[in-house]
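In what follows, a single structure is set out as structure tokens and then discussed.
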Amino acid sequence: MSLAPLAGAAAQAAPLVDPGTLLATSGAVDGLQTAARVLAEGVGKAAVYFTIAVGLTLVFGLMGVLNFAHGAVAMVGAYLGGLVLVLFVGANTGTLATILVFFVALALVFAVTTAAGSAMEVALIRPIYDRTPTYQILLTFGVSLIIEEVARIVLTLRGIQPNPQWQAPMGTAPDVLLGRTELLGVGVRRLYLFEVAIGALVAVAVWAFLTKTLYGLYIRAGSEDTEMVQALGIDVRQAFTVVFGVGTGLAAVGGVLLMWDPIWGPSVLLSIDVLLYAFVVVIIGGLGSFTGTLVAAGIVGIADSVTTWLFTTGIVTFPGLSEVTIFLLLVVMLIIRPQGLYGVEEVGGH
């Protein structure tokens with residue numbers, strides 16, 4: 001009996017799958033997973049950028065002061081937080097204990113830098129409110145340089161290299177935050193998820209501060225018409241002191257978040273890097289706008305993640321281009337909408 005008819009029937013019943021189709025399907029799945037991973041990491045970066053930039057937004061929203069010492073404060077926050085972790089976390093410290101120490105460090109750093117920021121406003125910023133903004137810029141820039149040099153001196157005396165990153169606190173991160181976890185089929189760094197959670201807490205806290213407290217009312221009213229607020233008998237100077245202190249404390253909290261990040265980490269160079277990204281977020285979102293800062297942080301974080309992936313995977317192997325792309329985004333925004341996404345175009349004086 002001939003087997004040819006049976007072989008032909010089998011071929012018709014089970015047609016061969018085109019290898020090209022399999023490769024295309026596999027490539028599409030891999031592409032979707034990569035896109036989801038890059039997006040998730042971008043959201044993690046956005047949470048950090050928002051935490052750092054929102055303090056700058058608060059200060060400018062009420063006071064009209066661009067604080068060039070903002071990045072230096074974030075750098076100090078990273079070192080102070082790292083110091084607390086190094087002192088109280090050892091090789092045998094459990095995960096829950098380490099995270100508890102982290103939150104204690106977060107609270108301590110916020111309290112100390114908020115007090116320092118309030119003192120800075122009273123002693124240095126308040127006497128020059130009636131001067132042109134140039135005085136405020138030069139003053140805060142000078143304070144930034146002083147903080148950086150003092151940090152270099154102190155670190156050198158303690159036998160710690162100011163640059164690159166201080167590795168000791170980075171090694172205190174608990175294992176639960178290392179590696180990746182599966183989220184909807186996509187491997188996402190656990191540290192980014194942790195940063196998103198902290199960023200969300202900060203966003204809720206700032207929103208509550210702006211909408212549920214008296215000083216929040218002063219900020220929102222003062223950002224619209226400072227002279228009217230003063231005419232109503234509100235002590236604007238006290239509000240300035242509180243807001244500048246809180247803005248400074250939030251910058252330091254952002255620095256603590258960067259302490260465990262392998263890309264950033266505690267270093268003196270963190271000062272200028274953080275300041276540049278904070279200004280990009282604030283300008284794109286609109287000076288003084290909380291909502292704008294939140295949206296712009298998302299845009300910058302995702303753009304940073306996407307361009308970093310593009311320029312480090314062989315398409316164009318030049319990681320520095322990712323930072324260039326972020327600043328090109330800023331330039332485009334300044335050209336098409338100088339007041340930012342949620343900013344109000346000023347007519348006359350403020």
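Cβ coordinates are placed from backbone N, Cα and C, and glycine is handled just like the others.
Note that this is a predicted model, so its numbers are computed, not measured.
According to TrEMBL:
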type	residues	note
TRANSMEM	46-66	transmembrane segment
TRANSMEM	73-91	transmembrane segment
TRANSMEM	97-125	transmembrane segment
TRANSMEM	137-160	transmembrane segment
TRANSMEM	191-218	transmembrane segment
TRANSMEM	239-260	transmembrane segment
TRANSMEM	275-302	transmembrane segment
TRANSMEM	309-336	transmembrane segment
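Of the recorded ranges 46-66, 73-91, 137-160, 239-260, the transmembrane segment (97-125) has the largest number of C-beta contacts under 8 angstroms with 239-260. When Cβ distances are compared across the two stretches, the transmembrane segment (191-218) makes contact with the transmembrane segment (46-66), since 3 or more pairs at least 6 residues apart fall below 8 angstroms. Just going by CB pairs under 8 A, the stretch in 73-91, 137-160, 239-260, 275-302 that sits most against the transmembrane segment (46-66) is 275-302.
With a threshold of 8 Å between CB atoms, the same-chain residues lying at least 6 positions outside the transmembrane segment (137-160) that come near it are 65-73, 75-76, 79, 120, 124-125, 128, 166, 268, 271, 275.
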